[in-house]
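Data block below; observations after.
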Amino acid sequence: MFVDQVKIYVKGGDGGNGMVAFRREKYVPKGGPAGGDGGKGGDVVFKVDEGLSTLMDFRYQRHFKAARGEHGMSKNQHGRNAEDMVVKVPPGTVVIDDDTKQVIADLTEHGQEAVIAKGGRGGRGNTRFATPANPAPQLSENGEPGKERYIVLELKVLADVGLVGFPSVGKSTLLSVVSSAKPKIADYHFTTLNPNLGMVETEDGRSFVMADLPGLIEGAHEGVGLGHQFLRHIERTRVIVHVIDMSGLEGRDPYEDYVTINKELEQYNLRLTERPQIIVANKMDMPDAEENLKAFKEKLTDDYPVFPISAVTRQGLRDLLFEIADRLETTPEFPLYDEEDMAENRVMYKLEDEEAPFEISRDPDGTFVLSGAKLERLFKMTDFSRDESVKRFARQLRGMGVDDALRARGAKDGDTIRLLEFEFEFID
């Protein structure tokens, strides 16, 4: 089964917790703190595997969580970093953040990797908090939570050439006679529901990958007839081969078909019009085909080459394949996404987090609710079982201006403050 879109959940591993420990050794009085740091959590890494061709595996496993780092130990022993979770994806996979709809990674080459969810750093042990004023600190940090997000995976097939056109114009038949691909062929519309790839080789030894894409209909750019699902596979092709049925057996006007399909391509993605297009007048072995082709050329205003062929009798295929190979030699690849934009979307903590470290809202019951990525991160890294850790967290809140902001919002002694699932009293 061909699967080309799926939504999954990924989470980097949490960092290991830091340790509160002290050196206890004979003849060494007041040995001092000796708690080690926690290890880093594992990253969730996507890696391209050219042996895969579909996202089928993700239908059965939709949650990916990397291992957490090992906790710190006594004698200043640091916890081991967790191994990364490597998830294999097929070439042509686009990773999109489900919340922001921004592209995180475009994975096209075998072995290419991208960190999708970064693991948290390990918490610091009490050795890190020793100062002249507090040489034996009773506090440590919990590990930093790993990044978590819902993402959408889209598979856009990797092909040099894309066959486009209305249903039943002969795209699958054409692919089957110029390559060893065996697409399903029948005399009804939408026989092809999934892209079929075939390797084509010309007589002079040049080769390229051709994709038979499912038939399009009017309104495809708006999703009509599974249009979005089909159109996404055209985006990576360098040359578009527009197959048109010249027989007129279904009562359609070949030129109207041509105009309709090109309009759908343009409205789906304007950049598709930048690609070279070759018009294939198919089914020239049928009785009215020559007359229809003549009328088509009279109406055609675009400067695209027209190749009359018959996929069934193989008439005209040699010249067509040579033209496609020639066009590919002079046509560069069309990158779908900007590399810098994708790199920015993979960053864990952006500048915006520093500009707005917290927000304050108020529930109907009068409770003040604190939120914000930085604030929640500090909260999760605090060990509330130790008084010194709690006091440190209170100092951090004051340093961030939380106390002053609460007073400005009208908070008074005894008011309830909520942060995530934790509630505490405001003391002025």
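Note that Cβ sites are derived from N, Cα and C of the backbone, with glycine treated the same way.
If you look up Swiss-Prot, you'll see 1-158 marked as domain 'Obg'.
The annotation region 'Disordered' is assigned in Swiss-Prot to 118-143.
Under the heading domain 'OBG-type G', Swiss-Prot lists 159-329, citing sequence analysis as support.
Annotated GTP binding site per Swiss-Prot: 165-172, 190-194, 212-215, 282-285, 310-312, in sequence order.
Under DSSP, Ser172 (Mg(2+) binding site) is assigned to a helix (H, G or I) in the three-state scheme. The feature Mg(2+) binding site is assigned by Swiss-Prot to Ser172, Thr192, with sequence analysis given as support.
Across the domain 'OCT' (350-428), DSSP classifies residues as 34 helix, 17 strand, 28 coil. Positions annotated as domain 'OCT' by Swiss-Prot: 350-428.
Each residue contributes its Cα atom, and for Lys283 (GTP binding site) and Ser172 (Mg(2+) binding site) these two points are 13 Å apart. Residue environment of Ser168 (GTP binding site) contains 20 other Cβ atoms, counted within 10 Å of its Cβ in all protein chains. Ranking the binding-site residues Lys171, Lys283 by C-beta neighbours within 10 Å puts Lys171 at the top.
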